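What Swiss-Prot records for 1-227 is region 'Pyrophosphorylase', and it gives sequence analysis as the kind of evidence. Swiss-Prot lists 9-12, Lys23, Gln74, 79-80, 101-103, Gly138, Glu152, Asn167, Asn225, Arg331, Lys349, Tyr364, Asn375 with the feature UDP-N-acetyl-alpha-D-glucosamine binding site. What Swiss-Prot records for Asp103, Asn225 is Mg(2+) binding site. Residues or ranges marked as region 'Linker' by Swiss-Prot: 228-248. According to Swiss-Prot, the feature region 'N-acetyltransferase' maps to 249-454. Among the features that Swiss-Prot reports, active site, proton acceptor is placed at His361, with the record citing sequence analysis. The acetyl-CoA binding site annotation in Swiss-Prot covers Ala378, Asn384, Tyr385, Ser403, Ala421, Arg438.
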Amino acid sequence: MSKLSVVILAAGKGTRMYSDLPKVLHKVAGKPMVKHVIDTAKQLSAEQIHLIYGHGADLLKERLADEPVNWVFQAEQLGTGHAMQQAAPFFKDDENIVMLYGDAPLITKETLERLVAAKPENGIALLTVELENPTGYGRIIRENGSVVAIVEQKDATPEQLKITEVNTGVMVSDGASFKKWLARLDNDNAQGEYYMTDVIGLANQDGFKVAAVTADDMMEVEGANNRLQLAALERYFQRKQATALLLAGVSLADPERFDLRGELEHGKDVEIDVNVIIEGKVKLGNGVKIGAGCVLKNAIIGDNTEIKPYSVLEDSSVGEQAAIGPFSRLRPGAELAAETHVGNFVEIKKAVVGKGTKVNHLTYVGDAEIGSGCNIGAGVITCNYDGANKFKTLIGDNVFVGSDVQLVAPVKVNNGATIGAGSTITKDVAAGELVTTRVPQRHTADWERPSKKK
């Protein structure tokens, strides 16, 4: 049986989060917990992903609008068995159905593949975990390797309480069997709910074999019911990613102070200082150095470039042998060529900057093209917006723009031109020209400053 579908339980409110956000939308590594689970289901090549939703329905659908899921509404949350009953009409008899939880984001493809492989031809397979302190969890009771029961803490004998293997709730069986067992579930218990743990008893009654696979790491199956548990998942996940990067040759100044909230592709001899955040898809070339406190989102950085402390780069690219920062901001559409220098308190947006050009201090460059070998002085502003529309500034090669210059777009400064400090440029500048628009300097001898009136 090669066909497989996944059911993700995501209808809970998450009262202990004390939040208006549905629990499964709280994030780990910058991504909603349920999105992690959906991505894992995709890795399994699931034919269908049934998402059981309830609380925060509109918000959940909005945030996951692009996901290929079958939305299954659970009006009342009456237990895990009740949630599965809502999805049962969509099950195909001859496919495996894997049940997952939207608030347990760290489950891996490899563990689930082991679980599916362990499922008997006629039977069910559970994912279990070994805990040093299993207090409060349902114990796995085995006979001859097969699971015969899950005994809750309050019902366990002293001997059963010594068992450290516990139920995670993750399981797999074929669609036909699940539909049969789900139809027989009842809510004859103190909570008046339908539980998937009762399916194990039904399977044994029917003579089906119940297999179990133990997760290698308990954190894979940990859920988050409150923000403390959410923070623990975040730290574990970040530590795991940092470990992988260190083993791949990336130098992290302090693995405990590094956050990867997306995908990082890197070359050799990359150095990352403390409190750096990586978001989206980021590519770092060989010998790249990232300073403390930087944030990189969807950025490409060329070989041997240094991003100095507290710089923010988003949807932008920087060529090789460049220097950015400290305290620089590259906004979407910034494309910097090799050997460029961008200094402190410079903001660049939707602009191309040519090879070797320097923009060193206190400058805004937006909607512009700047050639190679230019010097853009301190306090230069490309005035690109008239309150309604954006206009472009074009600067050729080897242009020198002095300090405190305003370039009022649309305007073009051609190759080799020089703009004197303090000028406001409203007309095109020809190649090789020197342009100044300063008011002539006046001198008044023997000037006396006004004195305060008594």
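Quick reminder: no glycine exception, Cβ is built from N, Cα and C everywhere.
Cα proximity to Leu9 (UDP-N-acetyl-alpha-D-glucosamine binding site) (within 10 Å) is found for the following recorded positions from Asp103, Asn225, His361, Ala378, Tyr385: Asp103.
Candidates Gly12, Arg331, Asn375 (binding-site residues) were compared with Asp103 (Mg(2+) binding site); those inside 10 Å Cα-Cα are Gly12. Of all the recorded positions listed here (Arg331, His361, Arg438), the one with the fewest other CB atoms within 10 A of its own CB is Arg438. The local packing around Ala421 (acetyl-CoA binding site), expressed as other Cβ atoms within 10 Å of its Cβ over all shown chains, amounts to 15.
Largest Cα-Cα distance over the residues recorded as binding acetyl-CoA, namely Ala378, Asn384, Tyr385, Ser403, Ala421, Arg438, equals 23 Å.
Looking only at Cα atoms, Ala378 (acetyl-CoA binding site) sits nearest to His361 among the recorded positions Gly79, Glu152, Asn225, His361. Among the recorded positions listed (Gly79, Gly102, Asn225, Arg331, His361), His361 has its Cα nearest to the Cα of Ser403 (acetyl-CoA binding site). When the region 'Linker' (228-248) is classified with DSSP, helix, strand and coil residues number 20 helix, 0 strand, 1 coil. In sequence order, Gly366, Phe391 make up the list of same-chain residues 6 or more apart from Tyr385 (acetyl-CoA binding site) whose Cβ falls under 8 Å from its Cβ.
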